[in-house]
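Q: Encoded as C-alpha cells, here's the structure I'll be asking about.
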Amino acid sequence: MSALLILALVGAAVAFPVDDDDKIVGGYTCRESSVPYQVSLNAGYHFCGGSLINDQWVVSAAHCYKYRIQVRLGEHNINVLEGNEQFVDSAKIIRHPNYNSWTLDNDIMLIKLASPVTLNARVASVPLPSSCAPAGTQCLISGWGNTLSNGVNNPDLLQCVDAPVLPQADCEASYPGDITNNMICVGFLEGGKDSCQGDSGGPVVCNGELQGIVSWGYGCAQPDAPGVYTKVCNYVDWIQNTIADN
C-alpha cells in the first residue's frame with residue numbers, strides 16, 4: 001500500500017486505483033435527520049466528513065487536515081440552505097501524534113469548535129465505543145462522496161450504506177502487510193456495496209456507537225478489497241484526554 005499512498009490525501013476519501021472515485025456504492029439516500037452526528041468539513045467546498053461527539057468536538061481522519069476548517073452541521077442537502085444548518089469555525093485541529101501519512105496508521109484527528117453547537121433533532125452527538133465491535137456487527141456508513149466510478153457526480157443528499165465489520169483475518173488477507181491493529185475492514189468480500197470511502201473522515205456507526213472513521217481502500221466495491229477504517233475503540237482514552245487538556 002505504501003507506494004499507492006503517494007496518490008492519497010487530496011481531501012476526498014483515499015481510494016485506489018485512481019480511476020475509481022470515492023463514493024458510496026450500493027447504498028441509498030439517508031432519511032433526513034437520521035444521521036444527526038454527520039458533519040461536513042468545508043474549506044469553501046465540502047472536502048471531508050466527520051462525526052460530532054459532543055457539543056464542541058468533532059472526530060475526523062488525520063489525512064483530512066487543513067489549517068482552517070469550517071464545520072457544517074445539520075446538513076442533508078449540502079448545496080441548499082435548508083434552515084437547520086449550523087456553521088461553526090474550528091478553534092483547534094489536533095491530529096494524533098503518531099499519525100503516519102504514509103501508512104495511514106493512527107488516521108484520526110479532533111476538531112474543537114470555536115463555540116458549542118445547539119443540539120437538537122438535526123444536530124446530535126454520537127457516543128464513543130464502550131468496547132470494540134466484533135466481526136459480523138452491522139454498521140451504518142454515510143457521506144457525500146462521488147457516486148460514479150468514472151467521472152464526477154457529487155450527490156447533494158447524504159448517502160448511506162449498511163455493511164458488517166469483517167473478521168480481522170479477512171481484512172489482513174485483503175491487504176497483506178498493510179493492516180495495523182488500529183484498522184478495521186467493513187464491507188463485503190464479494191464486493192458490490194462499499195463506502196469506497198464515501199467521504200474521508202466520515203462515520204461508521206455500529207449499534208449506536210462510533211466504531212470507525214473512513215480512511216482508505218483499494219478501488220470501489222471491488223471483490224476482496226473492502227473499505228478500511230480507523231478503529232475508534234483504540235482511541236477512546238486519547239480522545240477523552242485530548243478533550244480534557246484542551
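Heads up, the Cβ atoms here are built off N, Cα and C, so glycines get one too.
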Q: Tell me, from Cys132, Cys139, Cys160, which cysteine Swiss-Prot puts in a disulphide with Cys206.
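A: Disulfide mapping in Swiss-Prot sends Cys206 to Cys139.
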Q: Pick from Cys160, Cys171, Cys185: the cysteine that Swiss-Prot pairs with Cys30 in a disulfide bond.
A: Cys160
Q: Consult Swiss-Prot and report which candidate among Cys48, Cys132 shares a disulfide bond with Cys64.
A: Cys48
Q: Just give me the nearest neighbour of His63 (active site, charge relay system) among the recorded positions Val80, Cys206, Cys233, Cα to Cα.
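A: Ranked by Cα distance from His63 (active site, charge relay system), first place goes to Cys233.
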Q: Pick from Glu75, Asp107: which of these recorded positions has the biggest number of other Cβ atoms within 10 Å of its Cβ?
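A: In terms of Cβ crowding, the pick is Asp107.
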Q: Any idea which of the disulfide-bonded residues Cys30, Cys139, Cys185, Cys206 has the thinnest Cβ neighbourhood at 10 Å?
A: Cys30
Q: Measure from the Cα of Asn77 (Ca(2+) binding site) to the Cα of every one of the recorded positions Cys64, Ser200, Cys206, then give the nearest.
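A: Going through Cys64, Ser200, Cys206 one by one, the closest to Asn77 (Ca(2+) binding site) is Ser200.
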